[in-house]
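**Q** OK, TrEMBL features for this one:
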- CYS111: active site (ACT_SITE)
- HIS146: active site (ACT_SITE)
- SER163: active site (ACT_SITE)
- 241-307: region 'Disordered' (REGION)
- 279-293: compositional bias 'Basic and acidic residues' (COMPBIAS)
Amino acid sequence: PFFVNRGGLPVDEPTWERMWRHVGRIHPEGERVAQRIRGTADLPKIPIPSVPAFQPSTPVPERLEAVQRYIRELQYNHTGTQFFEIKKSRPLTGLMDLAKEMTKEALPIKCLEAVILGIYLTNNMTTLDRFPISFKTHFSGNYFRHIVLGVNFGGRYGALGISQREELMYKAPVFRTLSELIFDFEEAYHRCWHTLKKVKLGHCVSHDPHSVEQIEWKHSVLDLDKLTREDFRKELERHARDMRLKIGKGTGPPSPTKDRKKDVSSPQRGQASPHRRNSRGDRRPSAEKKPADSKAMPDLNGYQIRV
């Protein structure tokens, strides 16, 4: 069932090749098995999760619960094969096109795909602020990374996402401060015997699905090994204030869209893309400083590529 989508349609050839290579490494007749499954006409139909639709009067918290249920129904991807290629440097409009493909294919997803899907499904909730939250943890000599979509509604914080652990995904918007939300994730990690090492916080994501702006994934990078507990809390609240100030004074002129960017050509394949759109002057110094990245034109036409 991993080799057809939930609608019974075959996955595109590049995805098939990746899955065959993976199956071939763990099964001596992997490609033959894949071909036999692909050629079977009477496979049982797998229910396709329905994309949530809302009435205008539906409260935002109920909408968030419905979005999270949909993400859960897609299930976590345990196959070891990445079904959707997500480049963080792509413009928002390209990522939203990819999210639309996710709803059509209805394949299992991982945490980064869940964040993109969460942004896509909450774009019409204009009173909801969305921002990425990344975690780096340490367990048994190895480092692990996870990401969720932080949300803020009515001054209360929560999160959307998917994880192999129930306590590391959805958080209802009931936390009074951003620090309370992050501390709740930290406690959940401790229950899984993980030690939280770093937290990366992005700025609020635009609600314009046609924006060619890039998502700012790491406006604040907080290294817990270099911060006291109180300093960690202060940095989290400072980031929350930064987001409120940015929203309060607006984001400037409307973000450019596809139509207004037709004359901008994309760089050649393989050219490096910047990690974020905002200039360094707009970024608040964080607890960890990194060397400057080389600047390059953003991949504005990347959204035309299909997985």
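A Cβ is built for glycine as well, from the same backbone N, Cα and C atoms used for every other residue.
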**Q** To the nearest Å, how far is the Cα of SER163 (active site) from the Cα of CYS111 (active site)?
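**A** SER163 (active site) to CYS111 (active site), Cα-Cα distance: 6 Å.
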**Q** Determine the Cβ neighbour count for CYS111 (active site): the number of other Cβ atoms within 10 Å of its Cβ.
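**A** Around the Cβ of CYS111 (active site), 21 other Cβ atoms lie within 10 Å.
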**Q** Cα of HIS146 (active site) to Cα of CYS111 (active site): how many Å, rounded?
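**A** Here the two Cα atoms are 7 Å apart.
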**Q** Let me check the 10 A CB neighbour count of SER163 (active site). How many other CB atoms are there?
**A** 18
**Q** Let me know how many other Cβ atoms fall within 10 Å of the Cβ of HIS146 (active site).
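**A** By my count, 22.
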